[in-house]
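> Below: one structure in structure tokens.
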Amino acid sequence: MPGGKKVVPSGSSSASPNAAATTTAAAAAAAAAPHSGTKRLETTEGASAQRDEEPEEEGEEDLRDGGVPFFINRGGLPVDEATWERMWKHVAKIHPDGEKVALRIRGATDLPKIPIPSVPTFQPTTPVPERLEAVQRYIRELQYNHTGTQFFEIKKSRPLTGLMDLAKEMTKEALPIKCLEAVILGIYLTNSMPTLERFPISFKTYFSGNYFRHIVLGVNFGGRYGALGMSRREDLMYKPPAFRTLSELVLDYEAAYGRCWHVLKKVKLGQCVSHDPHSVEQIEWKHSVLDVERLGREDFRKELERHARDMRLKIGKGTGPPSPTKDRKKDVSSPQRAQSSPHRRNSRSERRPSGEKKPAEPKAMPDLSGYQIRV
């Protein structure tokens, strides 16, 4: 239990929100068990059911997860009293034992100490697939958040640097998370893998009169696709980088949805995310929005491969995720940019005008020296 996070609501126990929230996640798992018995899946990105094009990152305070309301902690940590009480009221509504389970946990004076997972660290020689397994293992150890209250508010319009600060806070607090939080955390934990491309993949499915939303972090390493993520179901989260094409990866998720009687309606694919944690660019969450029913099977597959090809072209041309960071770093004259500059010059050496301008650079030095002498 991290220090300094203790909140004591009036008339409640002295258990801290962080420790009790983690305990509540385990207790609320019993409430989810009946749903799994009827093959009801409730994974979501946080958008309201029955409404298709609303802003997913903003929305209302009372959002819906496949028809079941859930809340977002917009006050940060430590959790304020109003959010704390609202969470417990919601737990009492969705748990089979109602208020009894809430009173039992909040009234306990000897809550077990929840172990805090260690953030994975890697040797330079550790293969990327092994690193991905370690990252996914860490995400899984945080556990899925069953409380009905998302602890970290994620605004998709925030610059990448702000989202990375939030991910760092997730590792510090070690609270249960949902799928969107897992994507941000996955980006943060893979920033040190420059040969790994990361991009968001969102799913919208339909089951029993309700829409469900889910998101994972797609990855591409060595031409093979995989994914990192968090879900109530094992086959809707981690996928090792073993799929030859993007369409194979997405269709594998569709098959997993089919096993729990969900119909895939839409897939949203984002562009590759920069590896610079200080980048001020925004994540492009939905570069391609694919309507599965309208496209048909063959066109759906073609559009997936078209998106994959577009990502490769942007990275190859240098217009992919690192571009805004490169332009920003050129003004700062960082050592890293100086090392990569010769590569850019070589790529431009075929252009005659730029080649003719190079000899003019030393001529500018005497003028600069003369200016210094005059001063």
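The backbone N, Cα and C atoms fix where each Cβ goes, glycine too.
These came from Swiss-Prot, pasted as-is:
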ACT_SITE  CYS179  active site
ACT_SITE  HIS214  active site
ACT_SITE  SER231  active site
COMPBIAS  1-33  compositional bias 'Low complexity'
COMPBIAS  53-63  compositional bias 'Acidic residues'
COMPBIAS  347-361  compositional bias 'Basic and acidic residues'
REGION    1-69  region 'Disordered'
REGION    309-375  region 'Disordered'
REGION    329-375  region 'Involved in heparin-binding and antiangiogenic activity'
> Looking at the active-site residues CYS179, HIS214, SER231, which one has the fewest other Cβ atoms within 10 Å of its own Cβ?
SER231
> Specify the secondary structure state of CYS179 (active site) as given by DSSP, simplified to three classes.
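CYS179 (active site) sits in a helix per DSSP.
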> Hey, how far is SER231 (active site) from HIS214 (active site), Cα to Cα, in Å?
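Answer for this pair: 8 Å between alpha carbons.
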> DSSP on HIS214 (active site), three-state: which is it?
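Where HIS214 (active site) sits, the three-state DSSP reduction gives strand.
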> Express the distance between the Cα positions of CYS179 (active site) and HIS214 (active site) as a whole number of Å.
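HIS214 (active site) has its Cα 7 Å from the Cα of CYS179 (active site).
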> Across the region 'Involved in heparin-binding and antiangiogenic activity' (329-375), what does the pLDDT come to on average, as a whole number?
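Mean per-residue confidence for the region 'Involved in heparin-binding and antiangiogenic activity' (329-375): 45 out of 100.
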